[in-house]
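For 35-426, the entry in TrEMBL reads domain 'Major facilitator superfamily (MFS) profile'. Positions annotated as transmembrane segment by TrEMBL: 38-63, 75-93, 105-129, 160-181, 188-210, 252-272, 284-302, 314-332, 339-357, 399-420.
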Amino acid sequence: MSAMNTKVSSGYEEGALGMRTKTLGESSHSGEVRRGQVILVAYLIATLELTFLFMQMGVMPYLAKSLGLDSVGFGYLQTTFGVLQLVGGPIFGRFADQFGTRTALVLSCASGSAFFLLMSISTSIPLLFLSRLPAVFMHGLPGAQKVITDMTTPSQRADALGKMGLCFGIGIIIGSALGGVLSTKFGIFVPTYVGLVGNLINTVIAMVWIPEQAKLQSDHRVTENSTSQSGSVFSIREILRLMKFPGVMEVFIVKVFAGLPIGLFLIMFSIISMDFFGLEAVESGYLMSYFGVLQMVVQGLVVGKLTNHCTERTLLRLSIFVFAGVGLGMALMRTVWHYCIVAVPLVFAFSMLGTITDSILTKAVPSSDTGTMLGICASVQPLTRTVGPTIGGVLYKQFGVSSFGYLQLIVNIGLFVYLLKSKIPLVEMKS
């Protein structure tokens, strides 16, 4: 009888263990599904915000002109936007680290609503400049990147961040087309109304679907030296502290300088397309759409596969090497068809550089500081937009289009040699 009781007890224990294992498995599967849904929502929020942003970029020159703003004044308007985004990027990242990703995304979407509301009532130049003010907190893209960083393991991160390029491509294509159609058929202020309503919808999506605590429970990265939960959101010292982590400053410098020459070229592209390529406005729009489709294909299909098979150190060097080749191609191009060919490796290098450096830099800092790090990364493009019009204008006027290509070639050859000799402690990840 005792043996039978022991056997029955053992059977109960095994059954209970089996049920616990099954429950844990179901819980793990449910968690994976939930994380996947949250990441998809983050992609959706980024896509909508970028769509509305590109929509207003297409309308803004005509709105500024209708209010009597000349080309110099319009340049000041664009610089104001760039400076606000440059200053706001790291501050937004610190805000996300201290108050949570959902709160930060809600702030970004609400700021977008205020941005379009002020644009919609801009009946004078001062009001138009005032409408730029909410841009300091309009950082939906780094906000979505923060969600993805929190919801993925380090080995999954580069692939997941790479797919953000799909959002960017869709935003360029739909936003540019939608802005033109709406302003032409219904009036110049209609796109601002659409942007206002769209950002309000985005705000609700962020409040409902983004969890208050998005970090993986299994994320046990070392958080020593992290003080993201203390100090002011506006603390410059806490923001610059991240640059002292091993490899961070070196990778950030590579990120800034590798893409700077091509960034200057893209800032001047509207003038170059008219003067150098001889394109009409419609043809320039088609070229931007082509650029957007390339980015969708490259980041959606190519970048992710490469990150699963190659180390990040290898891919960083590859992107710099391809960038050098792009510089040579730009120096030699003479027609828009040449540019269409050069655009393929250009988009590849640009997408790969952004994805890999963002992935490396978020792994190099404590998990509680990833928002601040992404905010710093997000400040690179506004920095280019701020200094770009002046530097790009001088290069184009004094040395022509080929100067952008030669600068790109020289800078990236130097960076490639530096990376070959460098001992930057990158996190090597392979799936």
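Including glycine, each Cβ sits where the backbone N, Cα and C put it.
Automatic prediction, not curation, is the source of TrEMBL annotations.
The transmembrane segment (339-357) shares more Cβ pairs under 8 Å with 160-181 than with any other stretch in the list 38-63, 75-93, 160-181.
Just going by CB pairs under 8 A, the stretch in 38-63, 75-93, 160-181, 188-210, 284-302 that sits most against the transmembrane segment (105-129) is 188-210. Same-chain neighbours of the transmembrane segment (160-181): 39, 43, 46-47, 49-59, 141, 144-145, 148-149, 152, 191, 194, 285, 288-289, 291-300, 303-304, 307, 351, 355, 358-359, counting only residues six or more beyond its ends whose CB sits under 8 Å from a CB of the stretch. Per-residue confidence over the domain 'Major facilitator superfamily (MFS) profile' (35-426) averages out at a pLDDT of 84.
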